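Step one of this worksheet: look at the structure below.
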Amino acid sequence: MDNVLQVDSDLFPNISTNTSEPNQFVQPAWQIVLWAAAYTVIVVTSVVGNVVVMWIILAHKRMRTVTNYFLVNLAFAEASMAAFNTVVNFTYAVHNEWYYGLFYCKFHNFFPIAAVFASIYSMTAVAFDRYMAIIHPLQPRLSATATKVVICVIWVLALLLAFPQGYYSTTETMPNRVVCMIEWPEHPNKIYEKVYHICVTVLIYFLPLLVIGYAYTVVGITLWASEIPGDSSDRYHEQVSAKRKVVKMMIVVVCTFAICWLPFHIFFLLPYINPDLYLEKFIQQVYLAIMWLAMSSTMYNPIIYCCLNDRFRLGFKHAFRCCPFISAGDYEGLEMKSTRYLQTQGSVYKVSRLETTVSTVVGAHEEELEDGPKTTPSSLDLTSNGSSRSDSKTMTESFSFYSNMLS
């Protein structure tokens, strides 16, 4: 790989370097200042925003639900990558010289793969949870313990996938500078790095996005393409509306990730088509822009949560209540308002000519109602023809942010 790609690449520095060449990528000071400001925005926004997301969930007992644990894992992975890799990657890309030693060279090439893997498979787990909750509501849901086990498995697989790149990373002293690079085992066709590169790209991008796309397509057809019965209860309308809002929010999260990382993956597939492209002097600016877009994916989720979810918005307002231009809202009063199902009941609705079943099953110790006004009906008419009914007992308990989120 040529100079700029060898030193710049976080995830796939997989092309050999001509180490005899001097550093040809030198930028004027004003460009460095602009890029530094742009990358600083990512670090500050991502770290602060994702830490607040973790606080909103973990500091409020009823936010500690199955799906929200995956959101905590997602926030942790993104905040960690922003904190540990963004600044280092920027300085390396700008100066084309490695200042941080062998250990951090290995970590710098190792951790981003693990973090991206953990991020995208946390989103996949959320998509699977939404799929099961809406398409197969009568099936058993993950317990809190099982959810933590799944998160641990995600990280174990992430670390295993990233291990080869960290293991083969090394520093090399050139005539005027030190570079961080990956020395793959010798092979005439560089088969090891090519296979690894393709496997990583498939596993951390195309495969999970394919699974997520299928899950949300089926969920979307169920929630939007089906006709809501005209005589169904207000509670049913509220639940369907709430589920739609949640799915919309998660689709925005996934699409944002896909858009941010697509140019990055395309960029590192180009050496197999036109290796000489990386010898162009303008390629450093292209790389800085592409890397900024990829790294910026770590800062958007807190903004999306705040914009599209009332409870997260309230949590952010409370977290930043000391700011003079932010109204904290009725945080204390809102904590006293929540409606939760205490009995596990199946609410089955026959929807549209396809007889699509949309069931709502709420665990006695787990999920809570999502959006909409909180009511306490003693009996609900559950089908379009009124032939099936189920009594649901409810009671008012203290507020949970999650009552607006992902039941």
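Every residue, even glycine, has its Cβ placed from backbone N, Cα and C.
In Swiss-Prot, C180 is paired through a disulphide bond with C105, chosen from C105, C255, C260, C306. Candidates N14, N89 were compared with Swiss-Prot; the annotation N-linked glycosylation site appears at N14. Judged by Swiss-Prot topology annotation, L58 lies across the membrane from K194. When Cβ-Cβ distances under 8 Å to the transmembrane segment (195-219) are tallied for each of 32-54, 149-169, 249-270, 284-308, the top count falls to 249-270.
If you count C-beta pairs under 8 angstroms between the transmembrane segment (65-86) and each of 107-128, 149-169, 249-270, 284-308, the highest count goes to 107-128.
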